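Colleague: Got a structure for you, questions after.
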């Protein structure tokens with residue numbers, strides 16, 4: 001049975017609805033990125049789904065379509081701020097900033113996961129990136145944005161293979177940390193090795 005990815009957007013059909021998702025909560029290095037997207041229900045882009053279920057090539061293609069056709073915004077919280085305030089608070093801050101950066105103010109904000117926000121517009125949906133088109137679109141924008149940032153950082157620190165692992169704790173990444181130590185972009189609050 002196919003899921004209606006517009007179910008939640010239809011539920012709030014009289015409201016401006018944004019979806020929000022993040023990329024980079026679990027990596028050992030780099031920022032956390034949150035993106036907010038307001039889908040135009042009159043212009044549905046086909047193929048949008050959770051970024052983790054798409055090839056890199058398909059994500060890149062959809063990123064270009066989403067950012068060309070929908071209202072969107074992104075926020076980036078650095079690895080140092082993650083260390084200062086913790087990953088959960090950094091993620092929530094990125095989500096709030098991304099919504100504030102939208103050129104159109106949403107009345108409802110659909111959030112992937114179970115994070116709770118003081119802002120009453122925020123509605124948490126567990127597994128939201130599989131249940132909401134807006135959240136799925138945001139997951140693509142966040143993932144592509146973060147992957148591009150990590151690719152840029154990989155040029156400066158190629159030994160950590162961030163161009164392949166995006167800062168996640170792969171075997172090769174942990175081996176590189178054991179050999180070279182932590183880079184300036186590693187999260188000090190994350191214990192890995």
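Keep in mind that glycine also has a Cβ here, set from the backbone N, Cα and C atoms.
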Colleague: Check Swiss-Prot: it lists 21, 22 as binding divalent metal cation. Then name which of 112, 119, 147 it lists for that same site.
Modeller: 112
Colleague: I want to verify one value. Collapsing DSSP to three states, which class is residue 21 (divalent metal cation binding site)?
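Modeller: In the DSSP reduction, residue 21 (divalent metal cation binding site) maps to strand.
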Colleague: Including all protein chains shown, what's the count of other C-beta atoms within 10 A of the C-beta of residue 22 (divalent metal cation binding site)?
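Modeller: Step by step: centre on the Cβ of residue 22 (divalent metal cation binding site), count other Cβ atoms within 10 Å, giving 27.
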